[in-house]
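Q: Pasting a structure here, questions to come.
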Amino acid sequence: MNGLRWLREHLVLVLGLLVLAYTFVPIAVVVLMSFNAPASRNVYAFDAFTLDNWANPCADPGMCDALTRSVQIGLLATLVATVLGTLAAFALVRHDFAGRSATNLLVFLPMAAPEIVLGSSLLALFVATGFSGRLGFWTIFVAHVMFCLSFVVVAVRARLAGMDDHLEQAAMDLYATPLQTFWRVTFPLVFPGILGAALLSFSLSFDDFIITNLNAGTTTTFPMYVWGVAQRGVPMQVNVVGTVMFLVSVAIVVVGELGNRRRLAARA
Amino acid sequence: MTSTAGVAPPVDVPGLPAEPPGELPPPTGRRRGGIGYLLLLPGLLWLALFFVVPFYSLVATSLYDPAGSDFRGYEMTWAVGNYVDALQEYWRPLLRSLWYGGLATVFCLVLGYVLAYAIAFKAGRWKNLMLVLVVAPFFTSFLVRTLSWKLILADDGWVVNTLQVLQVLGDDGRLLATPVAVVAGLTYNFLPFMVLPLYASLEKIDPRLVEASSDLYAHPAVGFFKVTWPLSLPGVVSGTLLTFIPAAGDYINAELLGSPNQRMVGGVIQSLFTDANDYPAAAALSMVLMVLIVVMVLVYVRRAGTEELL
């Protein structure tokens, strides 16, 4: 009877944990399948254990090409979006100007519009300006910067708005020049926000399919590669990439959390 | 977008978590003009060139002469008929997208509320860990995750076999290539978009308000519906919007987990653009989808009485 009472008291927590467990089911399958030696091209079951997929991740060179391209586009788009977005966030929080709410609206809309509409608008522009034959790396890059920008602005703006300016005023009182104040005080304080925004940008860019697929021409990114092989038999190496992505992002979160704890502990 | 109409300025109530500083009131040291415009210019220019101008292109393309092609070029003929044709031919995938997106949003709300509630009120010191775990699975590629569902729901998989043994599914019953699989995939893939905003507004609720209701002899269920639920409405509204909009526009789940009978409008637009090269029809359909979503969102927000949230 004790068990039943415990369950009644913790019902919500147990249900919540069940939902959480459900979100990990496909991840577990991805990890499992990364060790699978499939008996045929059409894989529906775990046939035999192997380390081959991990030993030869590039068995299909097409996959690694696509992966490399996704990383390149991701890094480049993240760099540009983070710089432009951070500048804009500073302007929005620290400066006053006409057309502020219009600007906020403009930043908000790309995040709210369905991807298919964003993607088809850009393609319509590229077609109208005669770029339809030159779709590829650079059109994907342009698109990715566009949708990452808004997320960067929002993330950095939140960090800046949550910061009071006492430390900066103190630096100025101690005769720091505006430039010194910025690089020694403001920037280090905002940096975690910028870093978070950059990580978010990279993962948005790396994982985007709908907008990319419309504007890629014959260039293939990793999500597009997966889309292609989904029709003709998925190599198990795709699951190796999926597993690595999962592990890397968990590692980043854990390192970030540990850093936070250490900072908080140092402050206390 | 945070309009400030009707939002009280942040006040520190002792014991209540301080309101996170919003956009307003403006910080004191804000400088006017000049360098501000310069900082803003590159970003705004990018958005103008690659978000605003393309949208104008989309509208224009949707009104091109449908007889145009890549070789002959396109003529602007104000062909409003494109819209009529698109609606006539594709009203099914269009309605299906809104229907599947709506269903997935409702399922996300149910699952997400339980999870967000558990994290906000029952997780204790495991709160942060659980929040990380909510997001973690979604850092694995969207497509890889969806393919993983394809394996799980496969015809000879354990899920289908179990359901067959339980007589929920007939002996030749299947899940793949049915609406169930598509809606399940959508629900799964967009769950964090629901959980995070729900958590954000549940977390702000002072548990003493709920305690007060039970001190006043309210049944826990009454306490929930009269106190917790209304206070969490901002999270419900933003969560449902953040889930519904991408879910209705998605076609990855429909194409990977469904059959042509479950085709969603995003897939139609994509193939009109890239396979059929029928740009005017694709653009018109894209416009219709967007207008429908905007209208639904406005009606919904108005009915929920939460305009100031937008």
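Quick reminder: no glycine exception, Cβ is built from N, Cα and C everywhere.
Not my notes, these are from TrEMBL:
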{"type": "DOMAIN", "residues": "B:94-300", "note": "domain 'ABC transmembrane type-1'"}
{"type": "REGION", "residues": "B:1-25", "note": "region 'Disordered'"}
{"type": "TRANSMEM", "residues": "B:35-56", "note": "transmembrane segment"}
{"type": "TRANSMEM", "residues": "B:98-121", "note": "transmembrane segment"}
{"type": "TRANSMEM", "residues": "B:128-148", "note": "transmembrane segment"}
{"type": "TRANSMEM", "residues": "B:176-200", "note": "transmembrane segment"}
{"type": "TRANSMEM", "residues": "B:221-245", "note": "transmembrane segment"}
{"type": "TRANSMEM", "residues": "B:281-301", "note": "transmembrane segment"}
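Tell me about the setting of these features in this model.
A: Residues 127, 130-131, 134, 179, 182-183, 186-187, 190-191, 193-195, 198-199, 202-203, 205, 207, 228, 232, 235-236, 239-240, 243-245, 247-250, 254, 262, 264, 292, 296 of the same chain lie 6+ residues outside the transmembrane segment (B:98-121) yet bring a C-beta within less than 8 angstroms of a C-beta in it.
Under 8 Å from some Cβ of the transmembrane segment (B:281-301) lie the Cβ atoms of residues 58-59, 61-62, 64, 66, 82-83, 85-87, 89-90, 94, 97-98, 237, 240-241, 244-245, 248-249, 265-266, 268-269, 272-273, 307, 309-310, all in the same chain and six or more residues away from its ends.
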Q: Taking a Cβ cut-off under 8 Å, which residues six or more beyond the ends of the transmembrane segment (B:128-148) line up next to it in the same chain?
A: 115, 118-119, 185, 188-189, 192, 195-196, 199, 252-253, 256-257
